[in-house]
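Here the structure is laid out as structure tokens; the discussion comes afterwards.
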């Protein structure tokens with residue numbers, strides 16, 4: 001008579017016990033995660049609507065920060081520069097890392113060596129990298145310009161010392177640093193494409209280009225999507241590379257959004273205003289990620 | 001036409017990241033050529049760094065570029081220790097990297113077991129929160145985080161960096177991916193034998209997941225060692241500086257001592273490069289399975 005109630009009670013007890021055990025596993029990490037990540041992300045949306053300097057507390061000012069942002073020329077410069085960086089860094093890195101992955105997916109001697117080497121820039125400290133490249137790029141005596149002169153470029157750019165060439169210089173270094181990382185992700189994706197598909201395409205007489213279009217690209221769709229999302233976020237948040245390479249200069253030619261947050265927040269102690277800029281950065285990353293997900297879903301449907 | 005007749009060799013199951021197809025003739029030469037050029041482009045800056053670190057300062061920038069340090073100035077590697085606080089910086093960095101990695105690996109794998117093998121309500125939503133924050137750039141919440149940390153009086157202490165790096169979602173995600181490949185039957189058998197969940201974690205999961213733990217350890221070590229922004233924001237006292245901050249201040253202070261700056265750069269890269277080379281197989285595996293970075 002009481003079996004159903006018994007089972008239910010027993011099941012309830014199992015769930016309660018599992019919940020307790022489950023949480024006990026999560027807790028050490030979860031506590032830190034909530035306090036150090038979730039809470040600050042939440043606070044961000046409060047601070048953005050306040051006026052706040054180091055002394056005194058936060059005063060609610062509503063949309064005032066955002067109104068000020070709309071009139072802030074430096075903010076628009078930073079936004080434009082961020083888009084500039086993303087617009088070149090994303091396709092360039094996609095192309096180079098996919099190219100390398102295709103090359104390294106072949107049977108060539110030295111492939112294993114190069115897979116390791118391609119990682120060196122990624123595991124190297126950004127301070128050392130920036131310093132090396134700044135010296136390589138130096139206008140008068142730098143090896144880069146010397147090579148350029150040697151191949152017949154009469155007036156090589158000043159790179160990090162010229163307003164026009166500083167962003168391209170940063171983009172080159174950014175791509176150089178991250179291509180090995182994305183190459184590996186592409187390589188892992190390539191491995192999931194069944195060899196039989198290539199065999200079938202070969203039997204049908206498909207050319208290398210046709211095989212790439214009909215087999216490789218569709219087979220890499222998920223990988224490419226995933227990499228594009230990662231790469232987009234990485235481009236929008238670029239900061240350390242720029243801080244140590246150009247510090248936003250010359251002028252404001254390499255000032256990016258996250259550096260503007262850094263300046264307002266940590267150099268001028270305007271926490272509220274810096275948070276408003278942060279909300280913009282957050283929103284851009286969020287919207288771009290969601291759009292990419294929706295487009296990807298629609299395409300695979 | 002020979003390329004068309006060649007059938008690709010069958011792929012060996014489980015043998016990941018193996019080359020798939022053989023090239024022939026001219027394409028092969030072209031392949032080598034591209035590989036060679038790419039290798040040079042990647043390695044040249046490193047080569048230049050090492051060579052410059054062995055030159056006298058006047059020889060770093062010469063026209064034409066001196067590609068080989070004919071008379072290596074090994075004394076640069078002694079001078080830098082007396083001109084900078086290399087010992088303090090390296091010491092702090094080693095300490096931080098060790099503590100952060102230990103915490104990240106332990107709390108991450110512990111939580112991952114809960115997410116992967118214990119069933120309880122709300123688990124999947126919670127995990128989604130972890131994944132979601134991986135897409136939120138740290139730069140967008142570094143200001144409120146800093147305000148919070150200064151209220152907790154953690155700024156300008158090494159604890160700030162520990163707090164910042166040790167509880168990331170990366171470890172949880174990477175370890176969960178791995179634990180899910182362990183068959184449930186194995187866990188259930190242990191449960192029937194009366195083993196507690198903690199026992200299963202310690203006696204079954206941990207030993208099984210050594211490769212995944214090695215991956216996570218390497219990725220965390222590299223990330224913490226090379227972190228520049230965290231220490232820049234939080235560590236103001238020179239005796240707390242990490243190698244990245246120290247190197248940067250050294251560059252600002254001795255901005256014309258190019259050879260010495262390159263010596264410092266080599267020293268900042270060398271330890272992590274050695275660790276990477278020793279365990280690069282695990283590093284690559286970790287990245288290939290998660291595709292995420294810290």
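Each Cβ is built from the backbone N, Cα and C atoms, and glycine gets one as well.
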Candidate ranges A:83-105, A:152-174 [criterion: TrEMBL lists as transmembrane segment]: A:83-105
Of A:224-245, A:246-267, the range TrEMBL labels transmembrane segment: A:224-245
Tertiary contacts of the transmembrane segment (A:21-49) (same chain, 6+ residues out, Cβ under 8 Å): 58, 60-63, 65-66, 271-272, 275-276, 278-279, 282
